[in-house]
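Annotated in TrEMBL:
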BINDING   A:226, A:255, A:284, A:320, A:340, A:341, A:342, A:381, A:382, A:383, A:384, A:420, A:447  substrate binding site
BINDING   A:424, A:488  Zn(2+) binding site
BINDING   A:568, A:571, A:576  [4Fe-4S] cluster binding site
DOMAIN    A:17-85  domain 'ThiC-associated'
REGION    A:75-100  region 'Disordered'
């Protein structure tokens, strides 16, 4: 079949709602402020409502045409603020899709298909600053902030029982590790967190399709999935499908790390079809424009690329402005040197020219661009460790201190900022990363890649890193960049992306539970209750991946009757601990407690004669 | 194909050595003390040597006949101590293979096939105590202890470089969290750890095939894999194959949790073919003997089952003697009650009879049996939490305190003892488990199931629990019981067992690295060095699963030339951070450091004019 057919078929697969799930919306203070939730209907009549990243794709009522893009969510809000102007925009250039597009005919087709995705861009009116941080600092609660508050709270009603348990028993309280998590997130709280830089809402004014979300230590821990084409494999259709697939499984953000052909056109497709914030590493595209020769990069080319991508609607830029000339030699003794692509490009540039990084020198110029579009900084950790033995070294922390310094410059411009972190860090060295980041970066959100706790698990690095991710998430990291099973080995395919996301949903949720986010544990409790009640279907449907759970159950007990059976496949019908527990509970109700207390009253050592048969 | 053919075919698959690997032996103070290691030959001429659990199966020179069992490793040592006697043994009974063996003809075939596996059992001579703890306390260093010492150390020579790094940089030292890990494990150190109860060497005198290993906080963290038949599915052939498969991937211990048909015969097959210690939960078989009716259990039936299994060579018994009558009502308010099968059986028995547990009352009688065969206790946590909201509750800790009390009784008899632990525990509640266990159980080794950090990941509980397992392993747990992707859903198949083991090898290794076990990080360093040097084949071969790593790489870059390529599939040939780093290092060697210092000498703020083109 030809490529578009294949794409259509794939996409149709991923529009199905999750089992027993309905996409609903919580309406805010204005009718156009509608926050999605996924309501899961349980077989006992209860309803569990969960955070939903999947966008309109899982709404059967939504009409989706990837060649026209998603409907606008924020257009009216942006317009209503009256501080932006639509303009002609930067003319598209031949180099935007890379210097070596081997198949001009195919590119022409792709561009034509994406023609309906072209938008005249918005920018701040002269002298205006359109960042959420700017509004927050002026005391304005934007619709984006209200949206975030409603989204973080979700529907609280169904959690009441679980929250009562937590309130009653100190044992069930979390340990926030220094975070300040309120019981209810108010729009004002969101504003305050954004104003002080402790949270960001990545939301470029040219990405009105985005459903606003927050990244910050006092909100739920978020995850990011990377997608991207490549010089070696992949196609645009696959990349958009990866986006839809990634947000279906729970990616809160997606980074487009394309480095190959058709890079500009790919981005049009992704941004226009994305309900989640899109991040990029602009230096990758800039490098394509100079034929892959790092030393040929210039500020002019980089600046032009920033504007190109800001106009398209990219929500945050990874910028490795902390890779300073003076730090490069600190990596020379490392086991694996510089492993960040952006970091190594900038290191090479600095070395070739024997000059300070143009990103560092032009940092304020970059801020001037960011604030015209509300692009957030993701200050890249170009000197992050690439293996356990390079963790927490002088190079890494020298850069981190610089990122703290740059954070304050960004904040001077009211540009939203988060800080990228490692990487490869053994468990006992993780806390030091978080402590140092909080201190030197003034509580700007931390966004880490794992970290991987060991190096010997190629093929399973999603697990080796989920351990570190869960721990650092608990300690205060706001967003976790996923790692797939293909890390270090190859490009992730559809299933790898899913595996990486599920591993990171586990890590993020484990962190939320440990921090004691209000209601975080409620879904666990609902699932455990279903497990205890032998409501198999509810158990599947409340999990992160209902289909796989059901499939695993079916492999052992395929019959429908087993879905309501009061036993499970581990023990069989005769021998089931949960069944026995139910009987124990009935015994207990019949006065067992009194018997037991009577027993304990005698010191618990009462001699009981052994029966003849035993 | 018929069943034996299928088995033969499967088994032949799992006898292949790992890629580039050779099984070698380190010989101790006597020629029959030969400790296996797996030596991995790298393409740069180096050799990396790793701990090897796979037994003779990966030794091409070994002749394996599963119907005759493995050769004896310890027979001469046991005989040489002169404190045992061979005796007739308990006559086999019809009930030993379960009360409802539906297929008598098939059972007869299976028993006949296993006939050559029958052994007249050994027991301690009258008045003797044959436990490793007994010898240790008498100051005797047994061959088993020397074996363990050599095995824990492995070959140190190849680690020298990595250990120098660690010695030089405090940054790279681990945090042992209270453990006392020597640089070199001596046989005397092993003796001392066993004598004080801080480590066990599970090694029944009727399991001479076992390659001795230690479970203790100051040794490498070990993992256990569960296998077992079931009333619903499975066959003996599959079970033995699961054992071989499990130890191939790194299971240090295997528990046979069979509850279905042919339970005795299955065990003969497994024990005789196992180079790793085998644990069981004897109450499961006892329950089969009484037709699954918990209240019909008697001390006589249980005692008979203990002797039956001790004679077969089981190395440790899970015994839920801490489930006391007075604790049962403490579980009535739980969300998921009692989830341990053994715990719920004993609870039901106690409730039905309104009597104290016969396991608790007969604990000293049990010790008398254990010490005649050197079966170790794995004191079961029958009241472990079954979900996050039941974690660390009164029932759980009441039982743990009782296990501490029982530990001291076991130690009075010089019976080796470890303590089982949870289960389901959110991250912030894990440390309390370890602290409480160390305190109340006098540093007896802790052996935990996970713990699972969240409840919402059915299908992925190997990941949800690997997070908890890594953390509690770092904190001091000596052995981690694996969890497979099928946990809570169904019976694990071949691939599930592998997935569970790999996840737990990751957790155990992450714990060893964090604790700073001497040399633990050396394999990581060797792999990372290979990664940096683009020695792809070495990178695969040093990983936990070389085949999967290579397969993932091949999916993107299938050509052989890519295995020596100086780039990887993530970036393509033009754009590779590691390649750039190598160039950076060459620059650095050309006096970059001086340049950088000169730069820093000017305050690091040197103005550099921007070139016209940029």
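Heads up, the Cβ atoms here are built off N, Cα and C, so glycines get one too.
Curation does not apply to TrEMBL; its annotations are automatic.
Feature annotations (TrEMBL) mapped to structure.
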| residue | record | Cβ neighbours (10 Å) |
| --- | --- | --- |
| A:226 | substrate binding site | 23 |
| A:284 | substrate binding site | 22 |
| A:340 | substrate binding site | 27 |
| A:342 | substrate binding site | 24 |
| A:382 | substrate binding site | 33 |
| A:384 | substrate binding site | 26 |
| A:424 | Zn(2+) binding site | 28 |
| A:447 | substrate binding site | 27 |
| A:488 | Zn(2+) binding site | 24 |
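Contact annotation for chain B: of the listed binding-site residues (A:226, A:340, A:382, A:384, A:488), A:340, A:488 place their CB atoms under 8 A from a CB atom of that chain. Note: the domain 'ThiC-associated' (A:17-85) comprises 11 helix, 22 strand, 36 coil (DSSP; helix = H, G, I, strand = E, B). Counting in whole angstrom, residue A:488 (Zn(2+) binding site) lies 12 from residue A:340 (substrate binding site) by their C-alpha atoms. Each residue in the domain 'ThiC-associated' (A:17-85) has a pLDDT score, and their mean in this model is 95. Taking the Cα atom of each, residue A:447 (substrate binding site) and residue A:424 (Zn(2+) binding site) are about 14 angstrom apart. DSSP classifies residue A:226 (substrate binding site) as strand under the three-state reduction. Between the CA atoms of residue A:226 (substrate binding site) and residue A:424 (Zn(2+) binding site) there is a gap of 18 Å. The CA atom of residue A:382 (substrate binding site) is located 13 Å away from the CA atom of residue A:424 (Zn(2+) binding site). In terms of C-alpha distance, the listed binding-site residues A:284, A:340, A:342 place A:340 closest to residue A:424 (Zn(2+) binding site). In this structure, residue A:284 (substrate binding site) is part of a helix by DSSP.
Summarising the substrate site geometry, the residues cited as binding it (A:226, A:255, A:284, A:320, A:340, A:341, A:342, A:381, A:382, A:383, A:384, A:420, A:447) extend over a maximum Cα to Cα distance of 20 Å.
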